[in-house]
Amino acid sequence: MADAPSANDELYPIAVLIDELKHDDVLLRLNAIHRLSTIALALGPERTREELIPFLDESVEDEDEVLVALSEELGSFIEYVGGPQYGHVLLSPLENLAAIEEPAVRDKAVESLNKICEDLSAQQIEEYFIPLTIRLSKADWFTSKVSGCGLYTAPYKKISPQVQESLRTQFGLLVHDETPMVRRQSATNLSKFVKEMTAPVVIEEMIPLFQHLAQDDQDSVRLLTVEILIAIAEVVPKDQQASHSVLLTSLRNLIEDKSWRVRYMIADRFEKIAKAVDDETVSRDLVPAFVKLLKDNEAEVRTAIAGQIPGFCGLVDRDVLLKDIMSTVEDLVSDPSQHVRAALGTQISGLAPILGKQETIDHLLPMFLQMLKDEFPEVRLHIISKLELVNQVIGIDLLSQSLLPAIVQLAEDKQWRVRLAIIEYIPLLASQLGVKFFDEKLSGLCMGWLGDTVFSIREAATHNLKKLTEVFGVEWASEAIIPKVMAMGSHPNYLYRMTTCFAITTLATVVSLDVIGKSILPMLEKLVEDDIPNIRFNVAKTYAELVSVLKRLPDEGTIYSLEKAGKTDTTPSPKSTELIQQRILPHLEKLQKDDDVDVRFFASTAAAAVPGASGESNRATMNKVRVGSDEFLLQQHRPSIIQKAQRDPSETTDSLALDAAEAEAAVLDAAYDFEAPVFMLLLLLPLLLSFIGTVRCNSSWRVGVGAGAGAGDGYRYLLDGAVSFEPTPQFGLSPIAAGDQEDAALADEGKYTCAVGLVHASRLRNASVGGGVAVAVIVVISI
């Protein structure tokens, strides 16, 4: 009786697995397959071989994803069946899986079979693996034959010569199979099979198989013979290749094949072919073929051969290159396909070391100039990214004289996207050409972008300065960049002053403590007094970024250099703390008393991050800012509440003030967040309210007009008029006082909105102070 529970316990895991493998839910079956190793460990090697594997052998009728998982699991199952000496027991279920119609299942089964073959002994391979391969290869249905094609390479080196010969014979039958799918798979695997054989066997038996496949009527088969040709050429010694004319004949036929897909495969592997054949074949056959492929009718073929230009040209004589090839390469600069030009741009710089200085100047520089003006951005990027190779050959002076005018022209292009593209290349170009070249030729361009009329250009220009600082170092930036950026802070145009704030925020992590103290903070102290609210709240945001940097910044180095070195835990310098307390916090306190609500909000947010600041003071400040954001709406019609909040922060929690602020802020939120269906409801709601007299409310129609910067101010002014309950419409205009960061960006771009709407305002007679409802139908017009 005592043994029964133990026996049941032993049977339980396999019972659970069987139940889950038969479950209707695919996920449960899939999870069961992934837990096969756990079950096998519980059963032990003997029971796994005798019970689990036979069960799996019968479980091949399932969803494809389950069978793929099963095929993959069995490939790593040798250790669970007792080691390599029992590895052959796994072949049976994998043989069944290799005959499944789904290609993904077959491919994974073949992969697992080859993996197991590596651990089997020669005796096991000849006794179990080779018969399996032959059975699959002789099967009636093509799926088994396709799988069989992939099982010849792995066992070949481990078996006797007699068995090797039988394998080659059987593989030859697959090459001559009547089914194109089998011939394709045999062609795919023949290139791998050839590498396992000796040269005499390849010459005697494999070249005829290659020739047969190269003459196949299916181009999907012929294109796969390019890899076979390369494999054969690599095995057969070069001095023997000339005696086997069938190889050269097949090569010429493939180069001139009527199918562009075959020619594409030749073009894509042209350098490998040239390295595998003898020099005479290269000069006699491959050079004319190369030129012919450069002129091919199909853009895909020209793209592929363009990628082979430096590799192949390095294998031919320089005079042959100049005489026979260069003129055709130069024609590709004006190729109608942008993909061909992009491929050429990637490779053309590689010709400079091959041609030498004078020929590079004569042939390559004109091509570079033309391609730098290409309308396709990838072409320009590829040219700029590979200029280092040209620089090494002809020198920086000649390169700058030739290319700088083209770069300047692109940098000043009327299309802002072209200017944006060249900005992104500048750090790469600077790193290749050096700091002296940059200071003399490109520095002015970079500073000019900071004052561009398009915000995206100005933003990219600030990030460009950061990348340049990373390339050239802090010392260079403090001398060449920082003074110019700081000088923009005094510019009469507010866009330049705004860009100074953006640039400081971006550069904060790549400048040192000394630069912050001597150059950056003095400029921010001036901008605190700026007349434009957008400038002042961006100053507050910049202070917040500086506080974040200074809290981690030591006496020496930058945050970027520390992060690059992997130093995440750093002790801030006492000087950093001093700068925060004495030169940042006082100005933040001043900005917290600013007339503009956004300035106060960002200043308070920045002050809250200052280490050592009073917690109670910060909470009171944030309380005031919270009500202050609603004060923007209430300042005209709730003066008593606002005055109380301003006199004493503790009064900001007064229920009447909160009720008023929350009620009217909800109206503003509604105007921001309602979508089209809700606006239809709002359109009908005022009409409904007008005819219902039983709600005991005073109702009236109002027309509000609002204008302001960005997406928000138009709403604000309109709703300000809507909820004020005044008998006359409200009109407000403030082109600078944008409501939030998004509004600031829009205002910065010179974009304004005008909100025009029909407003219905109602106030309940018995409501407390501040109670009321306003409904607005708003149309926003961008100006």
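Each residue, glycine too, has its Cβ placed from N, Cα and C.
Note that TrEMBL annotation is computational and uncurated.
Counting only same-chain residues 6+ beyond the ends of the repeat 'HEAT' (13-51), those with a CB under 8 A from a CB of the stretch are 59, 62-63, 65-66, 69-70, 73, 76-77, 80-83, 86, 89. Taken from TrEMBL, the feature repeat 'HEAT' applies to 13-51 (among others).
Residues annotated as repeat 'HEAT' in TrEMBL: 90-128 (among others). Under 8 Å from some Cβ of the repeat 'HEAT' (90-128) lie the Cβ atoms of residues 53, 56-57, 60, 64, 67-68, 70-72, 74-78, 81, 84, 135-136, 139, 141, 143-144, 146-148, 150-151, 153-155, 158-160, 163, all in the same chain and six or more residues away from its ends.
Residues annotated as repeat 'HEAT' in TrEMBL: 206-244 (among others). Each residue in the repeat 'HEAT' (206-244) has a pLDDT score, and their mean in this model is 89.
Beyond its flanks by at least six residues, the repeat 'HEAT' (247-285) meets 207, 210-211, 214-215, 219-220, 222-227, 229-230, 232-234, 236, 238-239, 241, 292-293, 296-298, 300-302, 304-305, 307-308, 311-312, 315-317, 320 of its own chain at Cβ-Cβ distances under 8 Å. Residues or ranges marked as repeat 'HEAT' in TrEMBL: 247-285 (among others).
Per TrEMBL, the feature repeat 'HEAT' maps to 286-324 (among others).
Within the same chain, residues 287, 290-291, 294-295, 299, 302-304, 306-311, 313-314, 316, 318, 370-371, 374-376, 378-383, 386-390, 392-395, 398, 402 sit at least 6 positions outside the repeat 'HEAT' (325-363) and bring their C-beta atoms closer than 8 Å to a C-beta of that stretch. Look at TrEMBL and you will find 325-363 (among others) tagged as repeat 'HEAT'.
Among the features that TrEMBL reports, repeat 'HEAT' is placed at 364-402 (among others). Mapped onto DSSP helix, strand and coil, the repeat 'HEAT' (364-402) counts 33 helix, 0 strand, 6 coil.
Taken from TrEMBL, the feature domain 'Phosphatase 2A Regulatory Subunit A helical' applies to 368-534.
Among the features that TrEMBL reports, repeat 'HEAT' is placed at 403-441 (among others).
The repeat 'HEAT' annotation in TrEMBL covers 520-552 (among others). Remote same-chain partners of the repeat 'HEAT' (520-552), defined as residues 6 or more beyond its termini with a Cβ less than 8 Å from a stretch Cβ, comprise 482, 486, 489-490, 494, 497-498, 500-502, 504-505, 508-509, 511, 513, 559, 562, 570, 572, 576-577, 579-580, 583-584, 587-588, 590-591, 594-596, 598-599, 601-603, 605-606, 609-611, 736-738, 744, 747-748.
What TrEMBL records for 584-622 (among others) is repeat 'HEAT'.
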